[in-house]
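Engineer: The heme b b562 binding site feature in Swiss-Prot is assigned to His88, His189; the stated evidence is similarity to another entry. The feature heme b b566 binding site is assigned by Swiss-Prot to His102, His203, with similarity to another entry given as support. Positions annotated as ubiquinone binding site by Swiss-Prot: His208. Annotated transmembrane segment per Swiss-Prot: 38-58, 82-104, 119-139, 185-205, 231-251, 295-315, 327-347, 354-373, in sequence order.
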Amino acid sequence: MTIRNQRLSLLKQPISSTLNQHLIDYPTPSNLSYWWGFGSLAGICLVIQIVTGVFLAMHYTPHVDLAFNSVEHVMRDVEGGWLLRYMHANGASMFLIVVHLHIFRGLYHASYSSPREFVRCLGVVIFLLMIVTAFTGYVPPWGQMSFWGATVITSLASAIPVVGDTIVTWLWGGFSVDNATLNRFFSLHHLLPFILVGASLLHLAALHQYGSNNPLGVHSEMDQISFYPYFYVKDLVGWVAFAIFFSIWIFYAPNVLGHPDNYIPANPMPTPPHIVPEWYFLPIHAILRSIPDKSGGVAAIAPVFICLLALPFFKSMYVRSSSFRPIHQGIFWLLLADRLLLGWIGCQPVEAPFVTIGQIPPFVFFLFFAITPIPGRVGRGIPNYYTDETDQ
């Protein structure tokens, strides 16, 4: 048997053929831009988090009397431990940055529309899992901000009528954030990334059922090329740029995205003057603060994810690409500016004028999803280039 025949025989095996179908010979629109590379970057970030997390867990002790010191032990005594910790801590931020760009690219190019509704829904589930994973990972360092952040966020469950206090006690494993809470959060933080891997594979399989969208929103069976080698090379450029960007944070600004109070051991007696979550929680924190009543603030969080889930089912877009929808472009950039404003408001103290200003961005955020169907109707006069039967 020749080498070529042996290679072809291997590609026909079940696992090899699946990998070949989805990662090598996968038909891809020829006009994809670099914005379509953030999906593979997110996968790389997930692998980095799992690998560094496993090695860090080998040296971590999930006990309230030892957790903080075990983290310092990793930093001071374990060879390369500082690199592992900074890669893991900053890797979480890089992961969220990449996923945010991936989400906003999908919003701009309407990649969520028919027939890819399920792809979008799985993406929202993955995003929600990422938020929970990030929160459970913020507690194990057991610094002052970790302790009080866990106390404040878990206490929000008490706003649920009837069963709220019971849920809080169950989350804590007692009547306050203590050793049981730390063990639970550490265990969940170790488990959730592997659930994320499974959800990501489902997300990829759902995407490959109908194929990728493209910047023009034009579906064509003819104008497609195999993923390898063309887009591997294109993605490789993005991977190198990401590696440089990631390295700058690790080696030159490893603590910029953290909080200095987390270098103080957790102490339930003094309350920090300003409890601030990690930057990726700031928009949610701003929405929570925008409504004075705690129950109202908690209730405002659910519609954020409901709107993201419902967006693919707004059957109103005759033209998919924002290149042909100037009104949608303007609304999109307004949403992006609003998202940045939410992040800025979330890190400000709860005082005037930030309280008043903070009530405007959540309104604009929900307004975006309310008016999204309108530009699609207005733009129906522009030629509809998408002719796939699945979208009729």
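Each Cβ is built from the backbone N, Cα and C atoms, and glycine gets one as well.
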Engineer: Give the one range among 119-139, 231-251, 327-347, 354-373 whose Cβ atoms make the most pairs under 8 Å with those of the transmembrane segment (38-58).
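Structural biologist: Answer, by Cβ pair count: 231-251.
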Engineer: Inside 10 Å of the Cβ of His102 (heme b b566 binding site), count up the other Cβ atoms and send me the figure.
Structural biologist: 21
Engineer: Which residues of the same chain, at least 6 past either end of the transmembrane segment (295-315), have a Cβ under 8 Å from a Cβ in it?
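Structural biologist: Long-range Cβ neighbours of the transmembrane segment (295-315): 107, 112-114, 116-117, 120-121, 124, 127-128, 156, 159-161, 284, 287-289, 362, 365-366, 369, 372-373, 376.
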Engineer: Name the range, of those listed as 82-104, 119-139, 231-251, 327-347, 354-373, that has the largest tally of Cβ pairs under 8 Å with the transmembrane segment (185-205).
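Structural biologist: Stretch with maximum Cβ contacts: 119-139.
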Engineer: How many Å lie between the Cα of His203 (heme b b566 binding site) and the Cα of His189 (heme b b562 binding site)?
Structural biologist: 21
Engineer: Pop the Cα-Cα gap between His88 (heme b b562 binding site) and His208 (ubiquinone binding site) into the table, whole Å please.
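Structural biologist: Counting only the Cα atoms, the answer is 30 Å.
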Engineer: Would you mind listing the long-range same-chain contacts of the transmembrane segment (327-347), meaning Cβ under 8 Å and 6+ residues beyond its ends?
Structural biologist: 104, 107-108, 110, 276-277, 279, 281-287, 289, 354, 357-358, 361-362, 364-365, 368, 371-372, 374-376, 378-379
Engineer: Please report how many Å separate the Cα atom of His88 (heme b b562 binding site) from that of His102 (heme b b566 binding site), as a whole number.
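Structural biologist: Cα-Cα distance, His88 (heme b b562 binding site) to His102 (heme b b566 binding site): 21 Å.
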Engineer: Using Cα coordinates, what distance in whole Å links His102 (heme b b566 binding site) and His189 (heme b b562 binding site)?
Structural biologist: 23
